(Lines of atoms letter the chains of each structure in order from A and count residues from 1; the text may use other names and numbers.)
(Lines give C-alpha, C1' and ligand atoms only; values in the text may rest on other atoms or scores of the structure.)
Protein backbone atom coordinates (compact mmCIF):
# COMPACT_ATOMS: atom_id res chain seq x y z
CA UNK A 1 0.00 0.00 0.00
CA UNK A 2 1.31 3.43 -0.95
CA UNK A 3 2.06 6.10 1.65
CA UNK A 4 2.13 8.96 -0.89
CA UNK A 5 -0.53 11.48 0.05
CA UNK A 6 -2.16 14.51 -1.57
CA UNK A 7 -4.00 17.12 0.49
CA UNK A 8 -6.41 19.21 -1.59
CA UNK A 9 -7.88 22.35 -0.02
CA UNK A 10 -10.82 23.66 -2.03
CA UNK A 11 -10.98 27.15 -0.61
CA UNK A 12 -14.45 28.51 0.14
CA UNK A 13 -16.47 25.35 -0.60
CA UNK A 14 -18.54 24.37 2.42
CA UNK A 15 -21.58 22.35 3.45
CA UNK A 16 -25.03 23.94 3.41
CA UNK A 17 -28.10 21.83 4.19
CA UNK A 18 -30.17 24.25 2.10
CA UNK A 19 -29.92 24.16 -1.68
CA UNK A 20 -31.18 27.74 -2.00
CA UNK A 21 -28.61 30.28 -3.23
CA UNK A 22 -26.07 27.46 -3.04
CA UNK A 23 -23.55 27.68 -5.90
CA UNK A 24 -21.93 24.41 -4.87
CA UNK A 25 -25.26 22.56 -5.11
CA UNK A 26 -26.22 24.24 -8.40
CA UNK A 27 -22.92 23.46 -10.15
CA UNK A 28 -22.54 20.46 -12.44
CA UNK A 29 -19.89 18.53 -10.52
CA UNK A 30 -19.53 14.90 -11.62
CA UNK A 31 -16.37 14.40 -9.56
CA UNK A 32 -18.00 15.48 -6.32
CA UNK A 33 -21.09 13.42 -7.21
CA UNK A 34 -18.86 10.36 -7.56
CA UNK A 35 -17.08 11.11 -4.28
CA UNK A 36 -20.33 11.48 -2.34
CA UNK A 37 -21.41 8.04 -3.54
CA UNK A 38 -18.12 6.14 -3.36
CA UNK A 39 -15.60 7.75 -0.99
CA UNK A 40 -15.88 7.97 2.82
CA UNK A 41 -16.28 11.50 4.16
CA UNK A 42 -17.49 13.46 7.14
CA UNK A 43 -18.25 17.06 8.03
CA UNK A 44 -15.62 18.97 9.99
CA UNK A 45 -15.65 22.33 11.81
CA UNK A 46 -13.81 25.42 10.55
CA UNK A 47 -14.93 28.26 12.80
CA UNK A 48 -15.02 29.69 16.31
CA UNK A 49 -13.43 27.86 19.20
CA UNK A 50 -12.68 24.87 16.94
CA UNK A 51 -9.90 26.94 15.33
CA UNK A 52 -8.95 29.23 18.23
CA UNK A 53 -11.33 32.08 17.36
CA UNK A 54 -14.13 33.63 19.45
CA UNK A 55 -17.27 31.52 19.66
CA UNK A 56 -19.14 31.40 16.30
CA UNK A 57 -16.58 33.68 14.60
CA UNK A 58 -16.33 32.65 10.95
CA UNK A 59 -13.13 30.94 9.92
CA UNK A 60 -10.76 32.33 7.32
CA UNK A 61 -7.93 31.19 5.10
CA UNK A 62 -5.07 32.24 7.38
CA UNK A 63 -6.51 30.57 10.47
CA UNK A 64 -7.67 27.58 8.45
CA UNK A 65 -4.29 26.84 6.91
CA UNK A 66 -2.44 27.45 10.19
CA UNK A 67 -4.76 24.99 11.91
CA UNK A 68 -4.53 22.42 9.11
CA UNK A 69 -0.75 22.64 8.87
CA UNK A 70 -0.07 22.58 12.62
CA UNK A 71 -2.54 19.85 13.52
CA UNK A 72 -3.71 21.63 16.66
CA UNK A 73 -5.92 24.51 17.80
CA UNK A 74 -3.89 27.71 18.03
CA UNK A 75 -4.94 30.74 20.06
CA UNK A 76 -5.59 33.26 17.26
CA UNK A 77 -4.52 36.91 17.16
CA UNK A 78 -8.12 38.16 17.22
CA UNK A 79 -8.64 36.48 20.59
CA UNK A 80 -5.33 37.74 22.02
CA UNK A 81 -6.09 41.35 21.07
CA UNK A 82 -9.70 41.16 22.27
CA UNK A 83 -8.41 39.99 25.66
CA UNK A 84 -5.81 42.77 25.86
CA UNK A 85 -8.59 45.33 25.34
CA UNK A 86 -11.00 43.58 27.69
CA UNK A 87 -8.36 43.33 30.43
CA UNK A 88 -7.19 46.92 29.81
CA UNK A 89 -3.62 45.78 29.15
CA UNK A 90 -3.31 47.03 25.56
CA UNK A 91 -2.31 50.47 26.86
CA UNK A 92 0.66 48.81 28.60
CA UNK A 93 2.00 47.19 25.43
CA UNK A 94 5.60 48.41 25.21
CA UNK A 95 5.72 48.60 21.41
CA UNK A 96 2.47 50.57 21.30
CA UNK A 97 3.54 52.95 24.08
CA UNK A 98 6.96 53.52 22.53
CA UNK A 99 5.57 54.23 19.05
CA UNK A 100 2.98 56.68 20.36
CA UNK A 101 5.29 58.49 22.78
CA UNK A 102 8.05 59.22 20.24
CA UNK A 103 5.70 60.34 17.44
CA UNK A 104 4.24 63.78 16.75
CA UNK A 105 0.87 62.64 15.39
CA UNK A 106 -0.54 59.12 15.24
CA UNK A 107 -2.05 57.59 12.11
CA UNK A 108 -4.16 54.44 12.45
CA UNK A 109 -4.67 52.41 9.28
CA UNK A 110 -6.99 49.43 9.36
CA UNK A 111 -10.00 47.61 7.99
CA UNK A 112 -12.97 49.16 9.78
CA UNK A 113 -15.46 46.34 10.29
CA UNK A 114 -16.23 43.58 12.76
CA UNK A 115 -15.65 40.80 10.22
CA UNK A 116 -12.79 39.56 12.37
CA UNK A 117 -10.91 38.05 9.44
CA UNK A 118 -8.26 40.72 8.95
CA UNK A 119 -9.06 43.16 11.73
CA UNK A 120 -11.70 44.36 14.14
CA UNK A 121 -13.07 47.88 14.45
CA UNK A 122 -12.84 47.68 18.25
CA UNK A 123 -9.04 47.45 17.95
CA UNK A 124 -8.89 50.70 15.97
CA UNK A 125 -11.17 52.48 18.42
CA UNK A 126 -9.19 51.24 21.43
CA UNK A 127 -5.86 52.43 20.01
CA UNK A 128 -7.31 55.80 19.06
CA UNK A 129 -8.39 56.33 22.66
CA UNK A 130 -4.99 55.23 24.00
CA UNK A 131 -3.11 57.60 21.68
CA UNK A 132 -5.42 60.47 22.57
CA UNK A 133 -4.92 59.80 26.29
CA UNK A 134 -1.17 60.00 25.67
CA UNK A 135 -1.66 63.52 24.33
CA UNK A 136 -1.48 62.87 20.60
CA UNK A 137 -3.55 63.97 17.63
CA UNK A 138 -5.00 60.87 15.98
CA UNK A 139 -5.79 60.52 12.29
CA UNK A 140 -7.81 57.44 11.34
CA UNK A 141 -7.40 56.05 7.83
CA UNK A 142 -10.43 53.88 7.21
CA UNK A 143 -10.30 50.88 4.91
CA UNK A 144 -13.84 49.85 4.04
CA UNK A 145 -14.64 46.15 3.89
CA UNK A 146 -17.66 44.86 1.96
CA UNK A 147 -16.20 41.41 1.71
CA UNK A 148 -16.03 39.82 5.16
CA UNK A 149 -19.24 41.69 5.97
CA UNK A 150 -22.16 42.89 3.81
CA UNK A 151 -21.14 44.81 0.66
CA UNK A 152 -22.76 48.11 1.68
CA UNK A 153 -22.62 48.47 5.46
CA UNK A 154 -19.61 50.79 5.85
CA UNK A 155 -21.69 53.61 7.35
CA UNK A 156 -22.55 51.40 10.33
CA UNK A 157 -18.87 51.12 11.24
CA UNK A 158 -18.00 54.69 10.37
CA UNK A 159 -20.71 55.93 12.72
CA UNK A 160 -19.03 53.94 15.50
CA UNK A 161 -15.77 55.76 14.79
CA UNK A 162 -17.51 59.14 14.48
CA UNK A 163 -18.77 58.64 18.04
CA UNK A 164 -15.19 58.95 19.35
CA UNK A 165 -14.13 61.75 16.99
CA UNK A 166 -13.38 65.16 18.51
CA UNK A 167 -10.64 67.80 18.30
CA UNK A 168 -7.98 65.13 18.82
CA UNK A 169 -9.40 62.19 16.82
CA UNK A 170 -10.28 62.71 13.15
CA UNK A 171 -11.17 60.53 10.19
CA UNK A 172 -8.53 61.54 7.65
CA UNK A 173 -9.02 59.25 4.65
CA UNK A 174 -11.07 56.41 3.28
CA UNK A 175 -10.19 53.62 0.86
CA UNK A 176 -11.88 50.43 -0.22
CA UNK A 177 -9.88 47.30 0.56
CA UNK A 178 -9.57 46.68 -3.19
CA UNK A 179 -6.93 49.43 -3.14
CA UNK A 180 -5.37 49.47 0.33
CA UNK A 181 -5.31 45.71 0.85
CA UNK A 182 -4.16 44.39 -2.51
CA UNK A 183 -1.93 41.32 -2.30
CA UNK A 184 -1.26 40.67 -5.99
CA UNK A 185 1.30 43.40 -6.73
CA UNK A 186 -1.26 45.71 -8.33
CA UNK A 187 0.80 48.73 -7.34
CA UNK A 188 -1.48 51.13 -9.24
CA UNK A 189 -4.22 50.28 -6.73
CA UNK A 190 -1.94 50.54 -3.71
CA UNK A 191 -0.61 53.91 -4.90
CA UNK A 192 -4.10 55.41 -4.83
CA UNK A 193 -4.55 54.44 -1.18
CA UNK A 194 -1.00 55.50 -0.29
CA UNK A 195 -1.32 58.92 -1.94
CA UNK A 196 -4.52 59.73 -0.08
CA UNK A 197 -2.98 58.74 3.27
CA UNK A 198 0.44 60.29 2.75
CA UNK A 199 -0.16 63.33 0.58
CA UNK A 200 -3.91 63.95 1.18
CA UNK A 201 -4.39 63.53 -2.55
CA UNK A 202 -7.09 63.54 -3.82
CA UNK A 203 -9.32 65.51 -1.46
CA UNK A 204 -13.11 65.65 -1.41
CA UNK A 205 -15.31 68.47 -0.16
CA UNK A 206 -17.86 65.92 1.05
CA UNK A 207 -17.99 64.63 4.58
CA UNK A 208 -17.35 60.91 4.87
CA UNK A 209 -20.99 59.77 5.02
CA UNK A 210 -21.94 61.90 2.01
CA UNK A 211 -18.93 60.55 0.11
CA UNK A 212 -20.06 56.99 0.74
CA UNK A 213 -23.65 57.79 -0.22
CA UNK A 214 -22.44 59.28 -3.52
CA UNK A 215 -20.33 56.18 -4.14
CA UNK A 216 -23.36 53.96 -3.56
CA UNK A 217 -25.42 56.02 -6.01
CA UNK A 218 -22.68 55.38 -8.56
CA UNK A 219 -22.85 51.63 -7.84
CA UNK A 220 -19.47 51.68 -6.06
CA UNK A 221 -19.76 49.71 -2.84
CA UNK A 222 -17.55 49.27 0.20
CA UNK A 223 -14.81 47.03 -1.18
CA UNK A 224 -14.25 49.39 -4.10
CA UNK A 225 -14.62 52.86 -2.50
CA UNK A 226 -12.21 55.20 -4.29
CA UNK A 227 -9.43 56.45 -1.98
CA UNK A 228 -9.74 60.07 -0.90
CA UNK A 229 -8.86 62.41 1.94
CA UNK A 230 -11.16 64.80 3.77
CA UNK A 231 -11.11 68.50 4.62
CA UNK A 232 -8.84 69.33 7.55
CA UNK A 233 -6.30 66.65 6.76
CA UNK A 234 -3.10 67.69 5.02
CA UNK A 235 -1.09 64.49 4.93
CA UNK A 236 1.63 62.77 6.90
CA UNK A 237 4.38 64.87 8.46
CA UNK A 238 7.93 64.10 9.51
CA UNK A 239 8.19 62.06 12.74
CA UNK A 240 4.56 60.99 12.66
CA UNK A 241 3.72 57.46 13.76
CA UNK A 242 1.80 54.97 11.65
CA UNK A 243 0.16 51.98 13.32
CA UNK A 244 -1.12 49.24 11.04
CA UNK A 245 -4.16 47.83 12.82
CA UNK A 246 -4.87 44.66 10.84
CA UNK A 247 -3.71 41.48 12.52
CA UNK A 248 -3.76 39.30 9.41
CA UNK A 249 -0.60 39.75 7.42
CA UNK A 250 -1.18 38.83 3.80
CA UNK A 251 -3.18 41.90 2.76
CA UNK A 252 -1.06 44.34 4.77
CA UNK A 253 2.29 43.34 3.33
CA UNK A 254 2.13 45.60 0.29
CA UNK A 255 0.78 48.82 1.82
CA UNK A 256 3.07 48.53 4.88
CA UNK A 257 6.13 47.89 2.70
CA UNK A 258 5.46 51.11 0.77
CA UNK A 259 5.83 53.03 4.02
CA UNK A 260 8.55 51.01 5.75
CA UNK A 261 10.75 49.42 3.09
CA UNK A 262 13.80 51.60 2.52
CA UNK A 263 14.39 50.51 -1.08
CA UNK A 264 10.76 50.54 -2.23
CA UNK A 265 10.76 51.79 -5.83
CA UNK A 266 7.40 51.03 -7.44
CA UNK A 267 6.37 54.71 -7.14
CA UNK A 268 7.39 57.93 -5.34
CA UNK A 269 7.03 57.87 -1.57
CA UNK A 270 7.35 60.15 1.47
CA UNK A 271 11.02 60.83 2.23
CA UNK A 272 10.85 62.03 5.85
CA UNK A 273 11.48 59.81 8.86
CA UNK A 274 8.44 58.04 10.33
CA UNK A 275 7.73 55.66 13.20
CA UNK A 276 5.89 52.39 12.66
CA UNK A 277 4.16 49.60 14.53
CA UNK A 278 1.93 46.74 13.43
CA UNK A 279 -0.41 44.37 15.22
CA UNK A 280 1.50 41.30 13.99
CA UNK A 281 4.51 40.62 11.79
CA UNK A 282 3.60 41.13 8.15
CA UNK A 283 6.95 40.46 6.47
CA UNK A 284 10.16 39.44 8.20
CA UNK A 285 12.15 41.28 5.51
CA UNK A 286 10.54 44.63 6.38
CA UNK A 287 11.30 45.81 9.90
CA UNK A 288 8.23 47.09 11.73
CA UNK A 289 7.94 46.73 15.53
CA UNK A 290 5.18 44.25 16.38
CA UNK A 291 2.59 44.54 19.17
CA UNK A 292 1.66 40.85 19.20
CA UNK A 293 4.53 38.60 18.01
CA UNK A 294 3.55 35.17 16.78
CA UNK A 295 4.42 31.98 18.63
CA UNK A 296 5.34 29.64 15.82
CA UNK A 297 4.16 26.07 16.50
CA UNK A 298 6.74 23.28 16.59
CA UNK A 299 6.42 19.95 14.79
CA UNK A 300 4.14 21.15 12.01
CA UNK A 301 3.06 18.76 9.29
CA UNK A 302 5.72 20.10 6.91
CA UNK A 303 8.43 19.65 9.56
CA UNK A 304 7.44 16.09 10.44
CA UNK A 305 7.43 15.04 6.78
CA UNK A 306 10.76 16.78 6.21
CA UNK A 307 12.34 15.18 9.27
CA UNK A 308 11.32 11.79 7.89
CA UNK A 309 13.47 12.50 4.83
CA UNK A 310 10.50 12.69 2.47
CA UNK A 311 9.80 15.10 -0.38
CA UNK A 312 6.90 17.55 -0.46
CA UNK A 313 5.40 20.14 -2.80
CA UNK A 314 3.24 23.13 -1.83
CA UNK A 315 1.37 24.84 -4.67
CA UNK A 316 -1.39 27.41 -5.26
CA UNK A 317 -2.07 30.45 -7.36
CA UNK A 318 -1.00 33.87 -6.13
CA UNK A 319 -4.13 34.64 -4.12
CA UNK A 320 -3.62 31.61 -1.85
CA UNK A 321 0.12 30.96 -2.19
CA UNK A 322 0.96 32.43 1.22
CA UNK A 323 -1.61 30.12 2.76
CA UNK A 324 -0.05 26.85 1.55
CA UNK A 325 3.45 28.09 2.41
CA UNK A 326 3.80 30.68 5.21
CA UNK A 327 0.56 29.94 7.06
CA UNK A 328 0.53 26.19 6.43
CA UNK A 329 4.08 25.98 7.79
CA UNK A 330 3.11 27.70 11.04
CA UNK A 331 4.07 31.27 10.16
CA UNK A 332 7.52 30.37 8.84
CA UNK A 333 8.53 31.87 5.50
CA UNK A 334 11.39 29.52 4.59
CA UNK A 335 10.68 26.10 3.11
CA UNK A 336 11.69 23.08 5.17
CA UNK A 337 14.29 20.64 3.82
CA UNK A 338 13.07 18.78 0.71
CA UNK A 339 10.08 21.13 0.32
CA UNK A 340 9.56 22.57 -3.14
CA UNK A 341 7.03 25.23 -4.07
CA UNK A 342 5.20 26.17 -7.25
CA UNK A 343 3.53 29.58 -7.51
CA UNK A 344 0.96 29.91 -10.27
CA UNK A 345 0.15 33.57 -11.13
CA UNK A 346 -3.48 34.56 -10.60
CA UNK A 347 -5.18 36.07 -13.66
CA UNK A 348 -4.88 39.82 -14.08
CA UNK A 349 -8.56 40.75 -14.00
CA UNK A 350 -10.37 43.44 -12.02
CA UNK A 351 -12.60 40.93 -10.20
CA UNK A 352 -12.59 37.16 -10.42
CA UNK A 353 -16.21 36.80 -11.56
CA UNK A 354 -14.78 37.86 -14.93
CA UNK A 355 -12.64 34.70 -14.99
CA UNK A 356 -14.17 32.23 -12.53
CA UNK A 357 -11.84 29.39 -13.53
CA UNK A 358 -8.98 31.66 -12.35
CA UNK A 359 -5.73 29.65 -12.69
CA UNK A 360 -7.23 26.29 -11.70
CA UNK A 361 -6.04 24.52 -14.90
CA UNK A 362 -2.44 25.57 -14.27
CA UNK A 363 -2.67 24.66 -10.58
CA UNK A 364 -4.09 21.26 -11.48
CA UNK A 365 -1.29 20.73 -13.99
CA UNK A 366 1.32 21.49 -11.32
CA UNK A 367 -0.26 18.88 -9.05
CA UNK A 368 -0.30 16.23 -11.76
CA UNK A 369 3.35 16.92 -12.60
CA UNK A 370 4.26 16.43 -8.94
CA UNK A 371 2.27 13.18 -8.81
CA UNK A 372 4.04 11.89 -11.91
CA UNK A 373 7.32 12.72 -10.16
CA UNK A 374 6.22 10.65 -7.14
CA UNK A 375 6.50 13.49 -4.61
CA UNK A 376 5.72 11.96 -1.22
CA UNK A 377 3.37 14.71 0.01
CA UNK A 378 1.56 17.38 -1.98
CA UNK A 379 -0.62 20.18 -0.64
CA UNK A 380 -2.61 22.30 -3.07
CA UNK A 381 -5.14 25.09 -2.71
CA UNK A 382 -7.81 25.77 -5.34
CA UNK A 383 -8.84 29.38 -4.70
CA UNK A 384 -11.97 29.60 -6.87
CA UNK A 385 -14.78 28.88 -4.41
CA UNK A 386 -13.58 31.62 -2.09
CA UNK A 387 -12.26 34.28 -4.43
CA UNK A 388 -15.22 34.11 -6.82
CA UNK A 389 -17.62 33.66 -3.89
CA UNK A 390 -16.36 36.98 -2.55
CA UNK A 391 -17.61 38.76 -5.68
CA UNK A 392 -21.21 37.86 -4.83
CA UNK A 393 -21.94 36.87 -8.44
CA UNK A 394 -23.87 33.60 -8.24
CA UNK A 395 -23.43 32.44 -11.85
CA UNK A 396 -19.69 33.01 -11.65
CA UNK A 397 -19.47 31.08 -8.38
CA UNK A 398 -21.23 28.15 -10.06
CA UNK A 399 -18.64 28.22 -12.86
CA UNK A 400 -15.88 28.42 -10.25
CA UNK A 401 -17.07 25.20 -8.61
CA UNK A 402 -17.32 23.51 -11.99
CA UNK A 403 -13.76 24.53 -12.85
CA UNK A 404 -12.47 23.05 -9.59
CA UNK A 405 -14.53 19.89 -10.07
CA UNK A 406 -12.99 19.33 -13.50
CA UNK A 407 -9.46 19.57 -12.08
CA UNK A 408 -10.38 17.24 -9.22
CA UNK A 409 -11.59 14.67 -11.73
CA UNK A 410 -8.25 14.63 -13.54
CA UNK A 411 -6.33 14.48 -10.25
CA UNK A 412 -8.36 11.57 -8.89
CA UNK A 413 -7.91 9.64 -12.15
CA UNK A 414 -4.15 10.05 -11.89
CA UNK A 415 -4.21 9.16 -8.19
CA UNK A 416 -5.53 5.70 -9.09
CA UNK A 417 -2.63 5.13 -11.49
CA UNK A 418 0.05 6.61 -9.24
CA UNK A 419 -1.25 5.12 -5.98
CA UNK A 420 -1.88 8.33 -4.05
CA UNK A 421 -4.03 8.71 -0.96
CA UNK A 422 -6.10 11.90 -1.14
CA UNK A 423 -7.64 14.09 1.54
CA UNK A 424 -10.07 16.59 0.01
CA UNK A 425 -11.35 19.31 2.31
CA UNK A 426 -11.77 23.09 2.66
CA UNK A 427 -10.44 25.73 5.04
CA UNK A 428 -13.89 27.38 5.32
CA UNK A 429 -17.07 27.85 3.33
CA UNK A 430 -18.28 30.72 1.14
CA UNK A 431 -19.89 29.88 -2.21
CA UNK A 432 -22.47 27.49 -0.73
CA UNK A 433 -24.40 30.50 0.64
CA UNK A 434 -24.45 33.42 -1.79
CA UNK A 435 -27.53 35.20 -0.37
CA UNK A 436 -29.18 35.41 3.03
CA UNK A 437 -32.82 34.53 3.73
CA UNK A 438 -33.91 38.07 2.80
CA UNK A 439 -32.20 37.87 -0.58
CA UNK A 440 -29.26 40.11 0.30
CA UNK A 441 -26.01 39.21 -1.47
CA UNK A 442 -23.46 37.57 0.81
CA UNK A 443 -19.77 37.89 0.01
CA UNK A 444 -18.36 36.72 3.34
CA UNK A 445 -17.26 33.33 4.63
CA UNK A 446 -19.85 31.08 6.20
CA UNK A 447 -19.98 29.85 9.78
CA UNK A 448 -20.37 26.17 9.16
CA UNK A 449 -18.79 22.84 8.39
CA UNK A 450 -16.93 21.60 5.33
CA UNK A 451 -16.58 18.21 3.70
CA UNK A 452 -13.58 16.02 4.38
CA UNK A 453 -13.14 13.10 1.96
CA UNK A 454 -10.41 10.52 2.53
CA UNK A 455 -9.66 8.50 -0.58
CA UNK A 456 -7.47 5.53 0.34
CA UNK A 457 -7.72 1.73 0.34
CA UNK A 458 -6.75 1.99 4.01
CA UNK A 459 -9.87 3.96 4.97
CA UNK A 460 -13.49 2.84 5.31
CA UNK A 461 -14.79 5.55 7.65
CA UNK A 462 -13.99 9.21 8.43
CA UNK A 463 -14.81 10.60 11.88
CA UNK A 464 -16.26 14.04 12.47
CA UNK A 465 -13.79 16.59 13.76
CA UNK A 466 -12.18 19.91 12.91
CA UNK A 467 -9.38 21.31 10.78
CA UNK A 468 -6.85 20.47 13.51
CA UNK A 469 -7.46 16.77 12.82
CA UNK A 470 -6.27 16.96 9.19
CA UNK A 471 -2.47 16.90 9.74
CA UNK A 472 -2.51 13.81 11.97
CA UNK A 473 -4.74 12.14 9.38
CA UNK A 474 -2.12 12.86 6.71
CA UNK A 475 0.61 11.41 8.92
CA UNK A 476 -1.41 8.26 9.60
CA UNK A 477 -1.94 7.75 5.86
CA UNK A 478 1.81 8.23 5.33
CA UNK A 479 2.60 5.78 8.13
CA UNK A 480 4.53 8.44 10.07
CA UNK A 481 4.49 8.95 13.82
CA UNK A 482 2.07 11.67 14.99
CA UNK A 483 3.89 14.11 17.32
CA UNK A 484 2.49 14.72 20.79
CA UNK A 485 1.69 18.36 19.92
CA UNK A 486 -0.90 17.29 17.36
CA UNK A 487 -4.49 16.21 17.92
CA UNK A 488 -6.23 12.98 16.89
CA UNK A 489 -6.60 11.77 13.27
CA UNK A 490 -9.98 11.40 11.58
CA UNK A 491 -9.33 7.77 10.62
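Note: Cβ is positioned from N, Cα and C throughout, glycine not excepted.
Swiss-Prot annotates 61, 427, 428 as Mn(2+) 2-binding residues; of 11, 33, 92, 376, the candidate listed for that same site is 11. The substrate site recorded in Swiss-Prot includes 147, 148, 177, 183, 248, 249, 250, 251, 320, and the single candidate from 107, 118, 120, 123 that the record places there is 118. Ranking the recorded positions 11, 61, 427 by the distance of their Cα atoms from the Cα of residue 251 (substrate binding site) places 61 first. Cβ neighbours of residue 249 (substrate binding site) (same chain, under 8 Å, six or more residues apart in sequence): 62, 280, 281, 282, 283, 322, 326. A Cβ within 8 Å of the Cβ centre of 11, 61, 427, 428, the residues given for Mn(2+) 2, is found for these other residues of the same chain: 9, 12, 46, 59, 60, 64, 65, 320, 323, 381, 386, 426, 430, 445.
Its own atom aside, the Cβ of residue 427 (Mn(2+) 2 binding site) has 33 Cβ atoms within 10 angstroms in the protein chains shown. Within 8 Å of the centroid defined by the CB atoms of 386, 390, 445, the record's Mn(2+) 1 site, lie the Cβ atoms of 11, 12, 61, 147, 385, 387, 389, 428, 430, 431, 443, 444, excluding the listed residues themselves. Using a 10 Å Cα-Cα cut-off from residue 148 (substrate binding site), the binding-site residues that qualify among 11, 386, 390, 428, 445 are 390, 445. Residue annotation for substrate gives 118, 147, 148, 177, 183, 248, 249, 250, 251, 320. The furthest Cα pair among them is separated by 17 Å.
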